[in-house]
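Working notes, beginning with the structure itself.
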Amino acid sequence: MTTLTITRPDDWHLHLRDGDVLTDTVRDSGRYNGRALIMPNLVPPVITTEQALSYRERIQAVNSSNTFAPIMSLYLTEKTTSDEIRKAKATGYIVAAKLYPAGATTNSDSGVSDVQKVYPILKTMQEEGMLLLIHGEVTTHDIDIFDREKTFLDTVLAPIVNDFPELKIVLEHITTKDAADFVKNAGPNVAATITAHHLLFNRNHMLVGGIKPHFYCLPILKRNTHQLALIEAATSGSPKFFLGTDSAPHSKEKKEAACGCAGSYTAHASIELYTEVFENEGKLDNLEAFASFNGPDFYNLPRNTDTITLVKEAWITPETMSFGNDVVVPIRAGEAVEWLVK
């Protein structure tokens, strides 16, 4: 039987939601991750240090794993203050602030409409060593949804990188060759997370033979040429790319609707799905760096010291999984996953 032992991985982009669903989402993500960076786009958004620490307490209250720890982030708004950034940084639990362009994704209505308005905050973040996480899409209606990431790189991200060269920036859940190339060519303070579903799927999986709502996420799946570029970047061994699932659960009812929510649930099998990608590319030797080393190295945090073991043993993903009082349909529902964490 084929086995693979790696340093315990981390998830640098995770949505746990809030309320009664936390019991399920924390269980799934805590099964083998050492740490997870928790996204702040709740309703209302996590915009203050107190809100972030309170959210962390709610997560920890249902966290039964002694190897899993949540890392928190703030939701950046045009009203965020420099004092709030300093206060958050001083806690030791909040390591980043997330820039959501207003209207770009789930619960992003409180996001930033004009990046220039948060430039004073970015200056403070650069001084304090607080990382900037970015959902990299423009939201103007004249830009096609498949082009919003590329346009963001040219019009928003490039000026930020130029104006704040010492600010550490993570371009989250990249979906295009353009984004992968931007990160590769940028300086050492720019990195990116890549999801399992953007490595495994392209827009044909979502649209051919009928609409598959559980593949609908933001940024949206792109054509296969972009998928191949993401696979190359993720498996390359470059320290600029690391694991961030963007596992984003919604109830089955909210996904299978006339106006369905954006987000795919992969926390139930994230490392197993990434392992498939690396195996298919003949790059299993690079999985540990992508999953376990590059993230903490970029965040200036220690690597995990324990390990997990994956076994090449197929198992069938449940059709649905518990999600508070509802159910969530996970990626690969009813289908085989080729690796299993023992």
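The backbone N, Cα and C atoms fix where each Cβ goes, and this holds for glycine too.
Per Swiss-Prot, Zn(2+) 1 binding site is recorded for His13, His15, Lys98, Asp246. Taken from Swiss-Prot, the feature substrate binding site covers His15, Leu16, Arg17, Asn41, His135, Leu218, His250, Ala262. Per Swiss-Prot, N6-carboxylysine is recorded for Lys98. Annotation source Swiss-Prot lists Zn(2+) 2 binding site at Lys98, His135, His173, citing sequence analysis. Annotation source Swiss-Prot lists active site at Asp246.
Where Swiss-Prot records a feature, it is marked here on the structure.
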residue: His13; record: Zn(2+) 1 binding site; CB count, 10 Å: 26
residue: His15; record: Zn(2+) 1 binding site; CB count, 10 Å: 24
residue: Arg17; record: substrate binding site; CB count, 10 Å: 22
residue: Asn41; record: substrate binding site; CB count, 10 Å: 23
residue: Lys98; record: Zn(2+) 1 binding site; CB count, 10 Å: 24
residue: His135; record: substrate binding site; CB count, 10 Å: 25
residue: His173; record: Zn(2+) 2 binding site; CB count, 10 Å: 27
residue: Asp246; record: Zn(2+) 1 binding site; CB count, 10 Å: 28
residue: His250; record: substrate binding site; CB count, 10 Å: 25
residue: Ala262; record: substrate binding site; CB count, 10 Å: 16
Measuring C-alpha to C-alpha, could you say which of the binding-site residues His13, His15, Lys98, His173 are within 10 Å of Asn41 (substrate binding site)?
His15, Lys98
Just checking the binding-site residues His135, His173, Leu218, Ala262: which sit within 10 A of Lys98 (Zn(2+) 1 binding site), CA to CA?
His135
Return the count of C-beta atoms lying within 10 angstroms of the C-beta of Leu16 (substrate binding site), excluding that atom itself.
25
Here the 10 Å Cβ neighbour count for Leu218 (substrate binding site) comes out at 20
Proximal residue to His250 (substrate binding site) among binding-site residues His13, His15, His173 (C-alpha distance)
His15
Extra residues within 8 Å (Cβ to Cβ centroid of His13, His15, Lys98, Asp246), Zn(2+) 1
Leu14, Leu37, Met39, Asn41, Leu133, Glu172, His173, Gly244, Ala248
Looking only at DSSP and grouping its letters into three states, which state does Ala262 (substrate binding site) belong to?
coil
Spatial neighbours of His135 (substrate binding site), counting only the binding-site residues His15, His173, Asp246 and Cα distances within 10 Å
His173
Nearest of the binding-site residues (His173, Leu218, Ala262) to His13 (Zn(2+) 1 binding site), judged by Cα-Cα distance:
His173
Given Asp246 (Zn(2+) 1 binding site) and His173 (Zn(2+) 2 binding site), what distance in Å do their CA atoms have, once rounded to a whole number?
7
Of the binding-site residues His15, Leu16, Arg17, the one whose Cα sits nearest to the Cα of His173 (Zn(2+) 2 binding site) is His15
